[in-house]
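A.B. asks: Take this structure first; my questions come after.
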């Protein structure tokens, strides 16, 4: 009789390790390390009030906030592309490389970290990654802070002397006409039109200064984006494992839908902050310039600073989450089986990594769906990288308006699509095969709506200058024939007559007051407007184009269709592989998305955008950014590239569906077996709960009760699957004699009942 009594006592001691509420009670089992793995806190600091957060709902809420802010920087830099190109003289190809730099850091770490996902403390790994993300934002602000004094000095000089506005960027000195009042304005115009500031002797020096700042800016921005890639690399794999291991399989889509729904508002915040930043001058000082002025440079660094600081702050709470939210005896038993020498274990890890990778590559549905999504990611990442620039150029709107519309097109349909897709998939328990059908239909709709990009746009603005050009109007008027205007120095100017001139010089303007240009001899006076003042302001005149709002509406639905199939396709991917291969499959998926989608997308579309440029910036710094685009080519080439990626996406989905349809067994059959077993277990537990529900049975001694059952009033974590329960009985507590297995089953029943809520 002693052996059964001692065994029952050891069962009680072992189960007390898994209590989820009274963590501050004294332990009698001595398993202190395992206790800490399911307890919130750090080191000895593990207060009882903090244990309320040791649940998957709290983690989902906290991680949603982290996902919200860590999805901002890669979008924020898109809102500042025009500003960065104007300040540092960057081409769209270089801008595309900058936006892809974060994917480089992602590629270097995502696969190894995904394979090690089950061996690390996932919440603390998230905390470190979020901290790195915040530091990357601060690193991107370095180019501004090291050159802040130069910007301030040059802005003050510009306001006082009307001279070249910056030595550290592409020069936007104002070209004026010199044939009026040459004696009075000789000093001003010699400085304003840039002939002295861009003289032969000073030109080389100024170009060298500008190139130095350009290299510095590109280097720090690229390093910051690479560090951001390091920070975001393990997020998808780690979050998938941490949540999927701690909730029933049918609830996984709901939790990821919540996370994705909140995360898609990160771009909204990024677009809002980006739009506000473009309305603030770079030095935060007052200036008479307006955002419509070609010399305007917004405070692009401000958003990097804000998002960096916020990310560092929100990384702290993640440190206190436990390694696991419930006991996982099966994983512990597997860990013991794999224990051995470090060298042997390392070799085993490499071999297992290679075997798993081969199994994944040999899974046709998984490979085809991943390739289809890579095409989708390629198109969307490239298009949205330059969409603010496209709207700003195509529809002649300021950067603030462009960023607002891009945020409207991107964030709202993305959030709506993800949450609806997650709720529908979870509520109706849509099987993976039907999820694949839904993805094909939605991909077809994306192809159709992308065609509208070819049709909705604005004509090339009519710009008046003194020479013939296919994109400008020849105005060979005597008014500016003696101004000696440089037809390569583009400074768009809107005259009081409603005409856009190539520069103030081409409008015949001889005076510059900082914002307004006066004494413009080329501004015509119609007979019915004799009081028209011959002056002009910087920037393009308004254009009669009514296609912006229809374009935004159709883009809204296009992105909605693309977002609706995110959760269904995610379900197809994780159900097409076995449980053992799931960690690496998630990492491999993210790796391929990066290699074939996120990384080449901005670079490819940047090259496409550069091919539509009509005029490159010039001056003291030489050629740099594009300052005039061919609107028609910009529209057609951008959306032709996007349409091709959508067609490829649909093609791969169709092939995957055909392959899956011809399989003898469904590609997700292993998941159905597991789900059926879990359903049977839940039904059995429910019936037993209804028949047996004593509130409390106190043990007075170590003698087993008449019924032979052991009852516990404290809540303990549930072991879901039959295989887990068997592992618990055989490896968690040691081998049981057959005559005592019935008592262990009784313990198991009450373990389930106590956690039945």
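Glycine is no exception: its Cβ is also placed from the backbone N, Cα and C atoms.
Keep in mind that TrEMBL annotations are predicted by a computer and have not been checked by a curator.
Summarising the annotation, TrEMBL assigns compositional bias 'Basic and acidic residues' to 679-702. Positions annotated as domain 'Major facilitator superfamily (MFS) profile' by TrEMBL: 50-664. The annotation domain 'Kazal-like' is assigned in TrEMBL to 473-524. The region 'Disordered' annotation in TrEMBL covers 678-709. Look at TrEMBL and you will find 56-77, 125-146, 252-280, 300-321, 365-384, 404-424, 551-574, 586-605, 638-660 tagged as transmembrane segment.
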A.B. asks: Three or more CB pairs closer than 8 Å, sequence separation of 6 or more: does that hold for the transmembrane segment (586-605) against the transmembrane segment (252-280)?
C.D. replies: no
A.B. asks: Checking distant contacts: for the transmembrane segment (56-77), what same-chain residues at least six beyond its ends satisfy Cβ-Cβ under 8 A?
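C.D. replies: Distal contacts: 84, 98-99, 102, 123, 126, 129-130, 133, 136-137, 140, 221, 225, 228, 231-232, 235, 239, 242-243, 246-247, 255, 258-260, 262-267, 269-271, 273-274, 303-304, 307, 310-311, 314-315, 317-318, 321, 325, 384, 410.
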A.B. asks: For the transmembrane segment (365-384) and the transmembrane segment (638-660), decide whether they are in contact, meaning at least 3 CB pairs lie under 8 A, counting pairs 6 or more apart in sequence.
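C.D. replies: They do touch: at least three Cβ pairs between the two stretches lie under 8 Å.
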A.B. asks: Could you tell me whether the transmembrane segment (125-146) and the transmembrane segment (252-280) have 3+ CB pairs under 8 A, leaving out pairs under 6 positions apart?
C.D. replies: no
A.B. asks: Could you tell me what the rest of the chain brings near the transmembrane segment (300-321), counting residues at least six beyond its ends with Cβ under 8 Å?
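C.D. replies: Distant Cβ neighbours of the transmembrane segment (300-321) are 40-42, 50, 53-54, 58-59, 62-63, 65-66, 69-70, 72-73, 76, 79-80, 83-84, 87, 123-124, 126-128, 130-131, 133-138, 140-141, 143-145, 224, 270, 273-274, 277-278, 280, 282.
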A.B. asks: State the residues, same chain only, that lie 6 or more residues beyond the ends of the transmembrane segment (638-660) and have a CB under 8 A from a CB inside it; answer 'none' if no residue qualifies.
C.D. replies: 364-365, 368-369, 371-373, 375-376, 378-379, 382-383, 386, 390, 433, 436-437, 439-440, 443-444, 446-447, 450-451, 453-454, 604-605, 608-609, 612, 666-667
A.B. asks: Considering every residue in the domain 'Kazal-like' (473-524), what is the mean pLDDT value?
C.D. replies: 74
